[in-house]
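Engineer: Found this in Swiss-Prot, in case it helps:
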- 32-43: compositional bias 'Basic residues' (COMPBIAS)
- 146-155: compositional bias 'Acidic residues' (COMPBIAS)
- 156-165: compositional bias 'Basic and acidic residues' (COMPBIAS)
- 166-181: compositional bias 'Acidic residues' (COMPBIAS)
- 1-75: region 'Disordered' (REGION)
- 145-181: region 'Disordered' (REGION)
(Lines of atoms letter the chains of each structure in order from A and count residues from 1; the text may use other names and numbers.)
(Lines give C-alpha, C1' and ligand atoms only; values in the text may rest on other atoms or scores of the structure.)
Protein backbone atom coordinates (compact mmCIF):
# COMPACT_ATOMS: atom_id res chain seq x y z
CA UNK A 1 0.00 0.00 0.00
CA UNK A 2 1.13 3.38 -0.70
CA UNK A 3 1.54 6.00 1.96
CA UNK A 4 -0.88 8.94 2.30
CA UNK A 5 0.46 12.37 3.10
CA UNK A 6 -1.14 14.37 5.83
CA UNK A 7 -3.01 17.36 4.60
CA UNK A 8 -3.05 20.71 6.23
CA UNK A 9 -6.58 21.49 5.29
CA UNK A 10 -9.11 22.09 8.07
CA UNK A 11 -11.46 19.24 8.71
CA UNK A 12 -8.88 16.66 7.79
CA UNK A 13 -8.87 13.32 9.54
CA UNK A 14 -7.42 13.36 13.10
CA UNK A 15 -7.93 17.09 13.60
CA UNK A 16 -9.78 18.21 16.75
CA UNK A 17 -13.37 19.25 16.23
CA UNK A 18 -13.01 22.39 18.36
CA UNK A 19 -9.96 24.47 19.10
CA UNK A 20 -9.19 25.70 22.62
CA UNK A 21 -7.93 29.22 22.48
CA UNK A 22 -6.11 30.56 25.48
CA UNK A 23 -4.99 33.99 26.32
CA UNK A 24 -1.33 34.14 25.37
CA UNK A 25 -0.19 35.91 28.51
CA UNK A 26 -1.96 33.35 30.77
CA UNK A 27 -0.28 30.52 28.91
CA UNK A 28 3.11 32.18 29.16
CA UNK A 29 2.77 32.72 32.91
CA UNK A 30 1.72 29.11 33.56
CA UNK A 31 4.58 27.80 31.44
CA UNK A 32 7.14 29.96 33.23
CA UNK A 33 5.90 28.82 36.64
CA UNK A 34 6.17 25.15 35.65
CA UNK A 35 9.66 25.70 34.29
CA UNK A 36 10.70 27.60 37.44
CA UNK A 37 9.44 24.82 39.71
CA UNK A 38 11.15 22.19 37.60
CA UNK A 39 14.47 24.05 37.68
CA UNK A 40 14.52 24.58 41.46
CA UNK A 41 14.25 21.03 42.68
CA UNK A 42 17.76 20.77 44.16
CA UNK A 43 19.88 22.94 46.38
CA UNK A 44 21.08 26.33 45.31
CA UNK A 45 24.42 26.51 43.57
CA UNK A 46 27.37 28.44 44.91
CA UNK A 47 27.63 27.38 48.55
CA UNK A 48 30.83 29.33 49.06
CA UNK A 49 29.29 32.62 48.12
CA UNK A 50 25.97 32.24 49.90
CA UNK A 51 27.48 33.12 53.31
CA UNK A 52 27.76 36.78 52.38
CA UNK A 53 24.06 36.97 51.61
CA UNK A 54 23.16 35.24 54.87
CA UNK A 55 25.33 37.61 56.87
CA UNK A 56 23.73 40.63 55.28
CA UNK A 57 20.29 39.37 56.28
CA UNK A 58 21.27 38.71 59.90
CA UNK A 59 24.06 41.23 60.39
CA UNK A 60 24.01 44.94 60.99
CA UNK A 61 23.59 47.55 58.32
CA UNK A 62 27.31 48.37 58.42
CA UNK A 63 29.37 46.22 56.07
CA UNK A 64 32.49 44.84 57.76
CA UNK A 65 35.68 43.88 56.07
CA UNK A 66 36.59 40.34 57.20
CA UNK A 67 40.29 41.20 56.93
CA UNK A 68 40.06 43.61 59.84
CA UNK A 69 40.65 42.00 63.20
CA UNK A 70 39.52 42.67 66.72
CA UNK A 71 39.80 46.16 68.18
CA UNK A 72 40.35 44.79 71.69
CA UNK A 73 43.46 46.24 73.27
CA UNK A 74 46.20 43.84 74.27
CA UNK A 75 48.33 44.68 77.32
CA UNK A 76 52.02 44.86 76.51
CA UNK A 77 53.15 44.30 80.10
CA UNK A 78 52.23 41.03 81.74
CA UNK A 79 50.91 41.60 85.24
CA UNK A 80 51.59 38.88 87.82
CA UNK A 81 48.60 36.80 88.80
CA UNK A 82 47.03 38.14 91.95
CA UNK A 83 47.24 35.90 94.98
CA UNK A 84 44.05 34.72 96.57
CA UNK A 85 43.19 36.31 99.86
CA UNK A 86 42.70 34.21 102.96
CA UNK A 87 38.93 34.48 102.70
CA UNK A 88 38.93 33.45 99.01
CA UNK A 89 41.16 30.47 99.78
CA UNK A 90 38.84 29.48 102.61
CA UNK A 91 35.85 29.78 100.32
CA UNK A 92 37.49 27.63 97.67
CA UNK A 93 38.43 25.07 100.35
CA UNK A 94 34.79 24.98 101.46
CA UNK A 95 33.69 24.44 97.87
CA UNK A 96 36.22 21.64 97.40
CA UNK A 97 35.09 20.00 100.64
CA UNK A 98 31.48 20.23 99.50
CA UNK A 99 32.38 18.62 96.17
CA UNK A 100 34.26 15.79 97.88
CA UNK A 101 31.40 15.12 100.29
CA UNK A 102 28.93 14.96 97.39
CA UNK A 103 31.18 12.77 95.21
CA UNK A 104 28.93 9.92 94.04
CA UNK A 105 31.81 7.55 93.23
CA UNK A 106 33.37 8.04 96.66
CA UNK A 107 30.02 7.49 98.39
CA UNK A 108 29.43 4.24 96.50
CA UNK A 109 32.92 2.99 97.37
CA UNK A 110 32.47 3.89 101.05
CA UNK A 111 29.16 2.00 101.11
CA UNK A 112 30.91 -1.03 99.62
CA UNK A 113 33.62 -0.84 102.29
CA UNK A 114 31.01 -0.58 105.07
CA UNK A 115 29.23 -3.67 103.75
CA UNK A 116 32.49 -5.61 104.17
CA UNK A 117 33.55 -5.79 100.54
CA UNK A 118 37.26 -5.63 99.72
CA UNK A 119 38.17 -3.10 97.05
CA UNK A 120 40.99 -3.42 94.56
CA UNK A 121 44.26 -1.64 95.09
CA UNK A 122 43.41 1.22 92.73
CA UNK A 123 39.97 1.86 94.21
CA UNK A 124 41.30 1.64 97.76
CA UNK A 125 44.02 4.15 96.88
CA UNK A 126 41.37 6.48 95.40
CA UNK A 127 39.29 6.26 98.59
CA UNK A 128 42.34 6.85 100.80
CA UNK A 129 43.42 9.92 98.80
CA UNK A 130 39.94 11.45 98.91
CA UNK A 131 39.50 10.78 102.64
CA UNK A 132 42.94 12.25 103.38
CA UNK A 133 42.04 15.35 101.38
CA UNK A 134 38.71 15.66 103.23
CA UNK A 135 40.52 15.38 106.57
CA UNK A 136 43.09 17.96 105.47
CA UNK A 137 40.39 20.41 104.35
CA UNK A 138 38.39 19.92 107.55
CA UNK A 139 41.45 20.61 109.69
CA UNK A 140 42.24 23.67 107.55
CA UNK A 141 38.70 24.98 108.03
CA UNK A 142 38.66 24.10 111.73
CA UNK A 143 35.85 21.57 111.40
CA UNK A 144 37.87 18.55 112.49
CA UNK A 145 37.05 17.23 115.96
CA UNK A 146 39.83 15.70 118.05
CA UNK A 147 40.07 11.96 117.55
CA UNK A 148 39.11 9.45 120.26
CA UNK A 149 42.68 8.13 120.55
CA UNK A 150 43.95 11.54 121.59
CA UNK A 151 41.26 11.77 124.28
CA UNK A 152 42.30 8.45 125.82
CA UNK A 153 45.86 9.60 126.13
CA UNK A 154 44.74 12.70 127.97
CA UNK A 155 42.50 10.73 130.36
CA UNK A 156 45.28 8.36 131.44
CA UNK A 157 46.38 9.17 135.01
CA UNK A 158 49.59 11.07 135.14
CA UNK A 159 52.10 9.28 137.37
CA UNK A 160 54.83 11.11 139.05
CA UNK A 161 58.26 9.70 138.65
CA UNK A 162 58.95 7.69 141.76
CA UNK A 163 62.28 7.17 143.34
CA UNK A 164 63.94 3.81 143.84
CA UNK A 165 63.18 3.91 147.56
CA UNK A 166 59.45 4.27 146.90
CA UNK A 167 59.46 1.36 144.47
CA UNK A 168 61.38 -0.83 146.93
CA UNK A 169 58.93 0.00 149.70
CA UNK A 170 56.00 -1.00 147.48
CA UNK A 171 57.68 -4.29 146.66
CA UNK A 172 58.32 -5.14 150.29
CA UNK A 173 54.75 -4.28 151.28
CA UNK A 174 53.35 -6.44 148.49
CA UNK A 175 51.47 -9.48 149.85
CA UNK A 176 51.48 -12.58 147.64
CA UNK A 177 48.84 -14.29 149.73
CA UNK A 178 46.17 -12.03 148.27
CA UNK A 179 46.63 -13.64 144.84
CA UNK A 180 46.57 -17.30 145.94
CA UNK A 181 43.38 -19.05 145.22
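Every residue gets a Cβ built from N, Cα and C, even glycine.
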Engineer: In the same chain, which residue numbers or ranges, 6 or more beyond the ends of the compositional bias 'Basic residues' (32-43), come under 8 angstroms Cβ to Cβ?
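Structural biologist: For the compositional bias 'Basic residues' (32-43), there are no sequence-distant neighbours (Cβ-Cβ under 8 Å, at least 6 residues beyond its ends): none.
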Engineer: Looking only at the compositional bias 'Basic residues' (32-43), how are its residues distributed among DSSP helix, strand and coil?
Structural biologist: 8 helix, 0 strand, 4 coil
